[in-house]
Amino acid sequence: MIAQNNIRSTNNDPVESSESSPITGTTNGVGTSRLFRQFGSLFSTPAPANDPAGYVEFGSISDPPASSGRTLGTFAGVFCPVALSMFSALVFIRVGFIVGNAGLYVTLLQFIIAYVILLFTVSSVCAISTNGAVEGGGVYFMISRTLGPEFGGSIGTLFFLANVVGCGLAISGCAEGIIQNFGPTDGSDSGSIPDGRWWRFLYCSSINTLMLIVVLIGAEMFAKTSMLILGVVVVCLLSTYISFLTQGRMDVKIPHENSLVNYSTAVYTGLQADTLWANLHSNYTKDYTSNGNQVNFAVVFGVLFSGVTGIMAGANMSGELKNPSKSIPAGTLSAVLFTFLCYMALSVLIAATTTGTLLQNNFLFLGPINLWPTFVTIGILTATFSTGLSNLIGASRVMEALAKDRVFGPLMNFVVKGTYKGNPIAAVIASWVLVETILLIGSLNTIAQINSVLFMLAYLATNLACLGIEITGAPNFRPTYKYFTWHTAFIGLLGTAIMMFVINSIYALSSIILCLLLVIALHLFSPASQGAQWGSISQALMFHQVRKYLLMLDSRKDHVKFWRPQMLLLVSSPRSCCPLIHFVNDMKKGGLYVIGHVKVGEFVDNDSSHDPTIEEYTQWLSLVDHMKVKAFVELTLSRSVREGIQHLIRISGMGAMKPNTTILGFYDEEQSRDFFEYEESPYKTSEFDGNGIKLFPYRKSGETKPLGVVEYVRIIDDVLRMKKNLCLCRHFHRLDKQMIARNNHIRYIDVWPVNIFEPKNDDPFDVVSQFMMQLACIINMLPVWKKLELRVFLCESEAVSENSATFERPAEHRLDQRLKLLRISASIHKIPEWNKDIDFAKHRNILKQFTGKSDSNQVMVEENINRSKLYMQRINQIIRDKSNATAVTFMYLPTPPATPSVDYQEKCHHYLDLLTELTFDLPPTILVHGIDAVTSTTL
């Protein structure tokens, strides 16, 4: 029948048994509906609603227009948030603490280390952001669309927590500045406002609530607030520089909460060479704000780095930027340079003007020594407020992105529903609540270390993402930012990894473990990991590594010691052979497993349609997923089944990983069963029944077989001549692994190592029998099959021995020794009935004419044919009597008739008839023919 889809194709199912025999096209003429669609490449992302193409390529940068709700430019949207976040509580509150303990040399070194890490991380951020359209969510968006939903979701969650902790850190610094300027002094109760643990928590909560109000108004209000606050902070910082250059010697009071010293003042000297000299080297003391804990390099660097973690503040605003791919690099780099110069100048001036005693015992000394002390107070409040504001809005945007991607499934649906005019109200409120819990920690320096570790983990993931893409050489990774290389990503990755553990090894290890647990949980349970079309760097990395190792795998170096089965299972319709597909998956023993299918048809010369196997391929991949087998799929279009099988045998696999064993279903008349519809079937599914079309149709009762007996036998001959091991499988519709697991009645795996067509006493020791025993041993090694006993039946023929008494014991002994040498645990069973009423000598000569060893000119006689069938029936009865408790039987497959011979077609029919009689009513049976040695007895 000619298909009506411009491709000539047969509409009938192939010849098959219940396990579906070979391997022909099963797709009907009208063409199957497209159930699956392939999306963009690794660097494609879901499109915005106004993108008619359905996706945005990372290779082509197209930022959304301002009319889509994006209103912020480079200065307001990136430079201001980044600069303010990098000033944070550090610039006015903790630079003196760092210089006083670490000394100027180490301080400058720490700033250089921190900014080198930041610079290389910024380089990675710029590379990703200029390689495609960046949506809301900033760093989370970049990492998830590069590393995939599992890593992206876990790192995004930790980055969200880092922003929450950072917000708490800034608020704590703001409250500390308020208390120092307006709270009680000299240990008295006098002051504009009271002090105490819960009073401080109240002040922090009030600041947090004020931030909440600003962020609820929207991103535009945040940007305007940031520009104003940056101006104020810069003016306050300039007043500090001027004060250092103009102020002379004075005494500064020690805060009353500092109980580590017994004096009340310390000296500010002004610009003095002696002061600078004294502050060049480290002098670590105790921290009076954290119960007198000892300060060291790690503590100081943790505090320093927590103050400069704001490089992602601009990326967090990506959803509101007019042109994020240009604004993020320009704004972030300029802000990094600006803050670096400010910090270096401030550190040098502090070291040259202030004694170490004052630096170590009054972290807020900048106020008293300033020409206009109010400016410092304003600077502290505005810098910390703006940093907290940036972190709060960053946390809410990351949380919104996590919710939109359904990383945590329905748990975060309230975030999506709680969005008003593009502002994620619910995410902002949820972030505000988490910040409140962080504020209960109290100590600013403790919060700073947690904050630094979490941000460093996010930076590490960003560098890892870029390094991975660069290593894979993915052609669609073409960032317009020109200063990125794999070297910058690697240095940034190495630096962040080392400094994480330098700051606090316990926090670092805990965050990494939490990240890995999130990765595993999201991989197993997240809806995003199941259906995300973002692409995953893991696929690109695996491709890169697999290609490299495939090239290194040399078939010329193969050795029998390391042989493993590489299976090509030829399937017509998987509906009727599910148990066989599962069984072969067990039998592959970690080797290659390919499911092959031939679609009969050909291209029409004037046809403009595509290859039908392209569309069907995704359906077969879904089948592999449903069956839960570790298999590849190969489809081909051919004029005949036989020709298609030759194609599959030649092209399946790659390099040295090519199938060495071909498996066919048996050619018989048994009725097929649909395991997708069968009620008690473990494979039952409706996934492949849709729109009135049943995928993978199979031959039903009364339908004609498109594959003839002669062609089937020729396929067997082709496989053997192509030097592939061959297995013919029959009765596998009866195989039920669940019943084997729970039923003690089924106890054996049987091996019959005798060529029934030409029995010899050496049969158990030839290549075919050893291959058969190897396969049986492999099956017996697996959990479900391990409880079964492996039995080898010794079928010794007296007729082929001149002296049976001489050979009886040695044959059994030789077989026992062979099994021990091969490390195969099996029991040997002799068959006494084998020699009764069976004239082997006579039948051997008759049966040889049906095999490849026959005389090609020998003519068949009807009497010999009938006698051969009776012979097979008697042997079948012997085997059946021994198979009542057998799960699977392995039998010897003789070679088919030689092709150029007299009465070849009749010989093919009789050859297959005899195999049918031999395997009649047996348990699931595999007829095996091996080509090469597959076992080794040496090291």
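Backbone N, Cα and C atoms are what each Cβ position is placed from, and that goes for glycine too.
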Correct range for transmembrane segment (source TrEMBL, candidates 257-279, 372-394, 395-417, 533-555): 372-394
Annotated stretches the transmembrane segment (226-244) and the transmembrane segment (327-352) touching (3 or more Cβ pairs under 8 Å): yes
Intrachain neighbours beyond the transmembrane segment (155-178), with Cβ under 8 angstroms and 6 or more residues off its ends: 85, 88-89, 92-94, 137, 139-140, 143-144, 147, 193, 200, 203-204, 207-208, 211, 306, 309, 312, 316, 364, 377, 380-381, 384-385, 387-388, 391-392, 394-395, 398-399, 401-402, 407, 431, 434-435, 438-439, 441-444, 447-448, 450-451, 454-455, 457-458, 461, 511, 514-515, 518
The transmembrane segment (372-394) vs the transmembrane segment (507-525): 3 or more CB pairs under 8 Å: no
Integer mean pLDDT for the domain 'Amino acid permease/ SLC12A' (84-568): 85
